[in-house]
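K.L.:
Please read through the structure below; I'll follow up with questions.
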Amino acid sequence: MSNSEQRLFQQHLNGLQQLVQDILQTNGLDGIWIHAGEVQYHFLDDQPKSFKINPLFNYFVPHTQACGSWLYLDGVNKPHLYFYQPNDYWYLHEPVPQSFWTEAFQWTILKHADEIKSSLYKQSVDLNRTLYLGDAVQLAQSLGFTHINLQKALNYLHYQRSIKTEYEVHCLQQAQFAALCGHRAAKNAFFDGKSEFEINLAYLQASEQSDLNVPYGNIVAINQHSAVLHYAQLQRKSPAKRNSFLLDAGASYLGYASDITRSYSFDPNDEFAELVQRMERQKLALIDQMQPGYHYLSYHTMMQQSIAEMLHEFDLVRLSAEQIFEEGINRTFFPHGLGHLLGLQVHDVAGFQQNRRGTHKAPPEAYPSLRCTRNLEPNMVLTVEPGLYFIPLLLNPWRDHPLGARFNWQKIDCFTAYGGIRSEDNIVITADGAENLTQKAQTALNG
Ligand code: GLY
Ligand code: MN
Ligand code: MN
């Protein structure tokens with residue numbers, strides 16, 4: 001795999017070099033410094049926050065443990081990596097990496113953070129013609145940078161990031177495997193009667209992650225907790241009765257994230273289990289229809305219509321699917337977007353950005369939570385994550401509404417104890433359709 005990774009990475013980097021040239025030319029600049037980031041501390045505390053790499057650094061360098069490192073780019077010469085590796089007996093610093101990508105860079109080892117100053121002045125003739133990209137704005141100012149996180153440059157980079165290279169699709173594909181191993185262990189733990197806390201441990205162990213390096217906080221939700229969209233607690237006690245389980249959890253590969261959700265009914269033969277299966281089928285049917293040239297919003301709308309049909313067919317709302325959709329009742333049950341771009345960030349950049357110049361297109365008023373207003377293009381990677389939830393906060397206003405009498409409250413109240421359903425896969429748009437990265441990895445794992 002490493003040889004092909006090396007080839008894919010070199011192609012990826014060559015494309016980025018071209019992009020750097022464009023950015024420099026358009027903005028009258030000579031070079032770009034990308035700062036991986038610094039150790040940050042909690043307020044009034046000497047405890048460091050867990051380090052999260054600048055995704056722009058990670059876009060060029062497939063290494064997430066590079067706190068204090070810098071990258072210099074001029075778009076022509078080999079990118080120059082100033083890798084921070086201090087002599088330190090308090091913390092262990094990663095050894096200098098030896099991997100498929102390391103030869104693509106010139107290397108300088110920084111033993112002290114201050115050494116970047118002399119490197120900076122040696123490398124950049126005129127700091128007024130040099131761009132800083134990173135979050136240590138005060139440091140950048142003190143070093144003499146005048147161009148800091150220039151929006152025009154960020155727009156270029158973000159737009160490019162929304163169309164993945166072959167190397168990036170490979171990483172996103174690899175990120176599925178660990179997550180799916182975790183999902184399998186978590187499912188077993190749920191059916192074995194374990195608590196949310198214990199299920200989370202099972203997930204972390206099987207996916208070989210710590211809770212500090214998962215790409216986002218795991219959502220491990222039993223029963224009505226799955227109706228809390230970003231449920232972050234982990235109950236240590238098992239509920240007396242278990243109805244349902246929702247797990248939204250991913251993994252990372254060289255910084256690229258997977259974002260996968262599965263839902264289960266504890267009783268595989270009850271009506272909630274039917275609803276779960278139906279949702280799974282709807283998701284896969286929608287993915288089968290996705291293709292370049294169509295607006296992501298159109299697929300979101302189709303899924304909202306499917307939810308209206310499900311509400312009708314499962315006798316949850318006693319109106320036709322068309323009326324349910326017309327009245328927007330489906331939005332009470334599916335109150336989030338169909339999904340989002342996926343990459344180095346779980347909710348990846350440029351979901352609303354229509355071009356390199358940065359034109360922003362907001363989601364429509366009816367769907368304010370939609371995170372993507374783009375036309376689909378080949379090599380975009382997205383999640384597809386329809387949901388159907390029984391959320392008291394959203395349902396209660398309907399109780400006094402003239403249409404409230406059409407709601408099957410008895411059944412809805414019963415399903416409230418199950419919380420909700422979400423099914424989430426990661427897909428890549430191809431030349432004429434969409435490939436399901438999650439399903440592909442699952443098939444490979446099933447062998
Ligand atoms: N895990 C967060 C999301 O699905 O968007
Ligand atoms: Mn998710
Ligand atoms: Mn997601």
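The backbone N, Cα and C atoms fix where each Cβ goes, glycine too.
According to TrEMBL, the record shows the following:
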- ASP248, ASP259, GLU424: Mn(2+) 2 binding site (BINDING)
- ASP259, HIS340, GLU385, GLU424: Mn(2+) 1 binding site (BINDING)
- 8-159: domain 'Xaa-Pro dipeptidase N-terminal' (DOMAIN)
- 171-431: domain 'Peptidase M24' (DOMAIN)
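Mind running through what each feature is packed against?
P.N.:
Within the same chain, residues at least 6 positions away in sequence whose Cβ sits under 8 Å from that of ASP259 (Mn(2+) 2 binding site) are PRO215, TYR216, ASP248, GLY250, LEU342, VAL346, THR383, GLU385, GLU424, ASN426.
The Cβ of HIS340 (Mn(2+) 1 binding site) lies under 8 Å from the Cβ of VAL346, HIS347, ASP348, GLY351, ARG371, CYS372, LEU382, THR383, each on the same chain and at least six residues away in sequence.
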K.L.:
Measure the Cβ-based neighbour count of ASP248 (Mn(2+) 2 binding site), defined as the other Cβ atoms within 10 Å of its Cβ.
P.N.:
24
K.L.:
Per DSSP, to which secondary structure element type does ASP259 (Mn(2+) 2 binding site) belong, with helix, strand and coil as the options?
P.N.:
coil
K.L.:
Can you give the mean pLDDT for the domain 'Xaa-Pro dipeptidase N-terminal' (8-159), rounded to a whole number?
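P.N.:
The predicted confidence over the domain 'Xaa-Pro dipeptidase N-terminal' (8-159), as a mean pLDDT, is 95.
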K.L.:
Helix, strand or coil: which one is GLU424 (Mn(2+) 2 binding site) in, per DSSP?
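P.N.:
In the DSSP reduction, GLU424 (Mn(2+) 2 binding site) maps to strand.
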K.L.:
Excluding ASP259, HIS340, GLU385, GLU424 themselves, which residues in that chain have a Cβ inside 8 Å of the centre of the Cβ atoms defining the Mn(2+) 1 site?
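P.N.:
Those within range, site residues removed, are ASP248, ILE260, THR261, GLY339, LEU342, VAL346, LEU382, THR383, VAL384, ASP425, ASN426.
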K.L.:
Taking the mean position of the Cβ atoms of ASP248, ASP259, GLU424 as the Mn(2+) 2 site, which residues outside that list, in the same chain, have a Cβ no more than 8 Å away, listed in sequence order?
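P.N.:
For the Mn(2+) 2 site the neighbour list reads ILE219, ALA249, GLY250, ILE260, THR261, THR383, GLU385, ARG422.
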